[in-house]
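**Q** What Swiss-Prot records for Cys159 is active site, acyl-thioester intermediate, and it gives sequence analysis as the kind of evidence. Summarising the annotation, Swiss-Prot assigns substrate binding site to Arg54, Gly55, Gly56, Leu57, Leu58, Thr59, Tyr60, His61, Ser128, Ile129, Gly130, Gly141, Phe142, Ala143 and lists sequence analysis as the type of evidence. Under the heading domain 'BPL/LPL catalytic', Swiss-Prot lists 14-202, citing sequence analysis as support. What Swiss-Prot lists as region 'Disordered' is 197-221. Summarising the annotation, Swiss-Prot assigns site 'Lowers pKa of active site Cys' to Lys125.
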Amino acid sequence: MARMRVMVRERIDGVRPDTLWFLSHPPVYTVGKRTPPEHRPLAGLGIPVHETNRGGLLTYHAPGQLVGYVMCHIGAMNAVVPFLRLLEARLVDTVEALGIPAERRDTPPGSVELTGVWTRRTNRKIASIGLRCTRKVTSHGFALNVDCDMRPWTWATPCGMPEVEMTSVQRELTDAGHAVPSMAEVREIAAEMLGARNAPHPPAPNLSSGDLGTGTRAGRT
């Protein structure tokens, strides 16, 4: 988180271009600012719970999950929701490029937010999104389940939805009888769909044209 905060400050100060940082975390639950206590995992599971300042509720990170932190200057604070919808669309493109029919969903009035990416064939959630915006620069980002251990998802309430079934690229493709790509292959497809490549400082993303902006991949750790 400290490194992400440095990147955000650099983007605010104009010394860093829009950046997509791929990484993975050791097993950890992270909770957004509005996560109720009853959605947290029971004590004694051996998996830490980390408080964050992002939007969204509880999510789980682990090896085998592709996490992408997105530090983008979006031009205006009221562009956060359009940017989030654009990010969802690019992740849908990523999942479909892997051979899994996918979709984003609109949230009905009064419902828990359905932000993220869902599988159309099996009605499961495969990617989660949680963003924060500081002085027109986004932080945090998304998590795409590739081949991680899915059991810890059942030990808490993911995304505020007790009934949701989480899934992974591995599960969906294996169940359909297809080969499972490596993490490196998934990473390259995600980078392509998100428009991440080494580039000079870009303009703010053109939300009306569906452009996330020309980003730089900050590497993977």
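Including glycine, each Cβ sits where the backbone N, Cα and C put it.
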**Q** Where does the mean pLDDT land for the domain 'BPL/LPL catalytic' (14-202)?
**A** 91
**Q** Taking just the CA atoms, what is the gap between Arg54 (substrate binding site) and Cys159 (active site, acyl-thioester intermediate) in Å?
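**A** Here the two Cα atoms lie 13 Å apart.
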**Q** Among Arg54, Gly55, Gly56, Leu57, Leu58, Thr59, Tyr60, His61, Ser128, Ile129, Gly130, Gly141, Phe142, Ala143, the annotated substrate contacts, find the widest CA pair distance and round it to a whole Å.
**A** 16
**Q** What same-chain residues, at least 6 away in sequence, bring their CB to under 8 Å of the CB of Phe142 (substrate binding site)?
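**A** Those within reach of Phe142 (substrate binding site), by Cβ under 8 Å and sequence separation of 6 or more, are Val67, Gly68, Val70, Leu87, Leu91, Ala127, Ser128, Ile129, Gly130.
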**Q** Suppose we draw a 10 Å sphere around the Cβ of Tyr60 (substrate binding site). How many other Cβ atoms does it contain, all chains included?
**A** 26
**Q** To the nearest whole angstrom, state the Cα distance for the pair Tyr60 (substrate binding site) and the residue listed as 'active site, acyl-thioester intermediate'.
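**A** Computed Cα spacing between Tyr60 (substrate binding site) and the residue listed as 'active site, acyl-thioester intermediate' is 10 Å.
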**Q** Using a 10 Å radius around its CB, how many other CB atoms surround Arg54 (substrate binding site)?
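**A** A count of 19.
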**Q** If I take the Cα of Lys125 (site 'Lowers pKa of active site Cys') as reference, which of the recorded positions Gly56, Leu58, Cys159 has the closest Cα?
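**A** Looking at Cα distances from Lys125 (site 'Lowers pKa of active site Cys'), the smallest one goes to Cys159.
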**Q** Validating a neighbour-count step here. Other CB atoms within 10 A of the CB of the residue listed as 'active site, acyl-thioester intermediate': how many?
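**A** Its Cβ shell of radius 10 Å holds 24 other Cβ atoms.
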**Q** Going by DSSP, give the three-state secondary structure for Tyr60 (substrate binding site).
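**A** Reduced to three states, the DSSP call for Tyr60 (substrate binding site) is strand.
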**Q** Within 10 Å of the Cβ of Leu58 (substrate binding site), how many other Cβ atoms can you find? Include all protein chains, please.
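**A** Cβ-Cβ neighbours of Leu58 (substrate binding site) within 10 Å number 23.
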